[in-house]
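Q: Annotations per TrEMBL:
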- HIS19, LEU21, GLY46, GLU67, ASP92, ASN108: S-adenosyl-L-methionine binding site (BINDING)
- 26-191: domain 'Ribosomal RNA adenine methylase transferase N-terminal' (DOMAIN)
Amino acid sequence: MPKNDSRFRYGTANFPGRHLLINKSLIKEMVELAKVSRGDTVIDIGAGTGALTFPLAGQAGTVIAIENDPASVQKLTSKMKEKNNINIKLVDVLQYKLPKSPFCVVANMPFSITTPIFEKFLGDPSLRMQRAVFITEKGAAKRFTAVPVINPMILAWRMWYDIRLVRTVLPNNFSPPPGVASAVVTVFKKNNPMLPPHHRRQFTDLASHALHYPYVPFVEAIGEVFTPPQIAKLAKELKIERNQAICTLHEQQWGQLFLAMLRHVPSYRWPKARKRKGRR
Ligand SMILES: C[S@@+](CC[C@H](N)C(=O)[O-])C[C@H]1O[C@@H](n2cnc3c(N)ncnc32)[C@H](O)[C@@H]1O
């Protein structure tokens, strides 16, 4: 079994999820939502036979078409003709080394690895991804944009990126049609994130600790990190009810809470992420 091939790691060897986009107006909508222009490098994840790749190449400076299926890459290459701003990579996207210069993403992605792809592209806010337009499974799109947020990884993405479910996409937009509804999701890097990128890991540790039981009251969830007087002050300053479930805090409150920890709590009390059981 090839060790680094995500088709095997995510148990999809017999189902690569090849639902090709066939609706031209949806393709146009995605390119427009990404505001692609000649200055842009755009990554097409799971390029397939180029449904998005070629329209993107018409607007972008460079398109990096990532595809791990050799037969699709062969078809894509044979369709290239004079388009010389397409850079095809036959590689597992999860192994691909992302550019150091700014880039965007437009992709009808393989549903089976949606979360690992999001974590790869949004998980390190020091990466230069500026914006993205994805087609994802609708269930995933709803999880990524849900309020309240109970998943610390998704909360961390949202501290640095605005994620929006734009609309539902029905199965008849693809060939063959998938068995589930899909959605168009946009991701834009926040202009003024509350936290600098290098705090990502420590922020996720605090969020994982506090959200271990997402519906416990605020005072309880952070009781091992802050002292009772600090909690009382935070509740007042951040306008949080003492009994409010920790998962109902909004991003601004999470940011303030984290900054307060950095300023007022000695580092030996900063939480290390606890292991979560079976929650995505
Ligand atoms: C839903 S299809 C989309 C194809 C094309 N973009 C379209 O919209 O018609 C997803 C594509 O991702 C490719 N794929 C699946 N897993 C991949 C991986 N780990 N790395 C790169 N490509 C992958 C599949 O071979 C397939 O062509």
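Just so it is clear, glycine is given a Cβ too, placed from its N, Cα and C backbone atoms.
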Q: Can you tell which of the binding-site residues (GLU67, ASP92) has the fewest other C-beta atoms within 10 angstroms of its C-beta?
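A: Among the binding-site residues GLU67, ASP92, the lowest count of other Cβ atoms within 10 Å belongs to ASP92.
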Q: So what's the mean pLDDT when you look at the domain 'Ribosomal RNA adenine methylase transferase N-terminal' (26-191)?
A: 96
Q: Far apart in sequence but close in space: which same-chain residues, 6 or more away, have a Cβ under 8 Å from ASN108 (S-adenosyl-L-methionine binding site)?
A: HIS19, LEU20, LEU21, MET30, GLY46, GLY48, ALA51, LEU52, PHE134, ILE135, PHE174
Q: Can you tell me the three-state DSSP label for GLU67 (S-adenosyl-L-methionine binding site)?
A: strand
Q: If the S-adenosyl-L-methionine binders are HIS19, LEU21, GLY46, GLU67, ASP92, ASN108 per the record, what's the largest distance between their Cα atoms, in Å?
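A: In whole numbers, the farthest two Cα atoms are 20 Å apart.
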Q: Just to verify: the residue among HIS19, LEU21, GLY46 with the fewest other Cβ atoms within 10 Å, which of the binding-site residues is it?
A: LEU21
